[in-house]
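Per TrEMBL, compositional bias 'Basic and acidic residues' is recorded for 463-475. What TrEMBL records for 741-753, 763-772 is compositional bias 'Basic residues'. Residues or ranges marked as domain 'Oligosaccharyl transferase STT3 N-terminal' in TrEMBL: 20-423. According to TrEMBL, the feature domain 'STT3/PglB/AglB core' maps to 570-629. Sequence annotations record features per position, and here TrEMBL assigns region 'Disordered' to 449-489, 741-772. The annotation transmembrane segment is assigned in TrEMBL to 20-42, 86-106, 118-137, 143-161, 173-198, 204-228, 240-265, 271-289, 301-325, 393-410, 416-436, 508-532 (among others).
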């Protein structure tokens, strides 16, 4: 009993201590991931950020108030007037259902948090979950050390922080966790061949489908990896178990999401998974037949199977081509085509190209968002090839595809961040392993050399017996024994030589570890700065630092509060689509367009109105029952994301539907100008007038601080619109449509009796109706 305990205790104790220590580190990583995202609440307040999160917050409010069934059947008549929008069938419900469930659980536990508070802290909470999922995924690839390092890197990476700070209540808040966790379960199934993990993988994919449209990345990346394994001769039953349930069960579950529906089997984004599924079945059948037949019969059977498989695959491809041939985009969505062809959106869909996060990133943005990880990723790729496994090949493929997509669209830097963290974690873990092993062996080697010298001296002093006196049988047995010992010592000597080849001098190892620690410290400082300064400010509350202190610009909430308190509930507000969600959520007023951008014609109508002269714009807005027009102007305070800077996109989108709007009419020699050299079309359009009305009264010159020039047309009056409210810093301006003059409903019949002199005077002085 004592002997068995002596043999078991050291290893088990070391393993138990390692597990407890890893758990403690994971808890600290989760706390770090949550706390580093709270700068926005500490510096400002607990408020929803950006534009899209306000729609998600409004939908969550409706869900918690009215229940799940009313949510699925909710028709929102306050958006896209007069069309409206079916919310349950056009929204990815994962984020809303997650936050609503958290709110219900907390209130069931008598923790009375408001819906807004739960929404604000949903993203930081799931960032901790994403870090833990990264640990699990990297652990399956390269061990626990690499997993802990990757989780710590992901907890702080700026690219992920930018979309998961407290208040950033957008789909990516939960989608990145779902993405990483789905990949982990796929690798886990690939390593174990367990149907249990395969089923969990399909459920995780279903949660990803509910959460974000980026689920198409998963359903294309995993088939690419399965095909790579088949082509490189790495097929196994574990690959079949990992892939087949995901495609079948995952597709059936995805079709249950109303916003996806039959798109799960009818669009080109999903066809690759079905084609690879057929190929995988053919390959699996070939491997099964090979185990049952003789080599000669196997060749005949393979010929038949491959021939039948090619016929089936060609038939499936023909059916798929027939399904998508009628579509002008061949079954691809506009965003998918923009990823495959970066010039597609700018040519054909300006509404997609107009979004800033759909633009390609610059090189400095890589250093800003992933920082030193960009230099560690190549080392991680090399480490994944030593040795190359199914799991490490998947991580390499994930990195390569995410690098390409992030180069096309800056928003997809968010998808690159987990891959960069995983590769960097593998690189750092491997590097620390080499350096610490070098230090350990260097110290052990010195002790061993000293011991070997003493042993040699002792052995030489021993008096050796005369071999001639030994009998022949003993000589032969001793010779065989020596040969056996040499054979057994050969692999040990080989391992020692390999370790010595991987060893570095102790001084170099210590210096390298210090450099890696300094590199990590620089990464931590950069991440904390990005979280505190670059990504913590909510777009709805702006700040500016000057010589006389901090200035806070709260003009957006000021404008929405004015609309809420000074307009009727049924009034319609027109603005560019960027501000639709905020207007509906904060002012509770009906908007014409919003950030969903599902109807390009409706958005083009608003863009045409903004690009038209005042009278024509009035007629367009009046036909839509618009009563107020909201514009964002940054020329006084230097706010660059105003409507004047977005105006050319309004022209392009409007001109794409209404040909009389032509972009060259607003440009002077190809340049966009608002000064005295601006074109008459530009100076007389509604957007120019609503932005610069009375602007000259601010400084007497009309100097625009964003465009850094004096405006061209300074003194003008509005004939069809009247200014009703301008915020304190002139960032938001609200105008009201003037009422039309009384119209003549029809020609009055001439009276038989002669009109009196009074009536004749009135008819003579009556003005002609200009709207007839």
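Going from the start of the chain as shown, residues are counted 1 onward.
Here the Cβ of each residue, glycine as well, is placed from N, Cα and C on the backbone.
Sequence-distant residue pairs (6 or more apart) of the transmembrane segment (393-410) and the transmembrane segment (271-289) include fewer than 3 whose Cβ atoms are under 8 Å, leaving the two stretches without contact. No contact links the transmembrane segment (173-198) to the transmembrane segment (271-289), because fewer than 3 Cβ pairs that are 6 or more residues apart lie under 8 A. Counting residue by residue with DSSP, the domain 'STT3/PglB/AglB core' (570-629) contains 33 helix, 10 strand, 17 coil. Away from its own ends, the transmembrane segment (416-436) comes close to residues 130, 134, 137-138, 141-143, 145-154, 157, 159-160, 176, 179-180, 369-370, 372-374, 376-377, 379-384, 395, 398-399, 402-403, 405-406, 502, 504, 509-510, 512-513, 516, 520 of its chain (Cβ-Cβ under 8 Å, at least six residues beyond either end). For the domain 'STT3/PglB/AglB core' (570-629), the model gives a mean pLDDT of 93.
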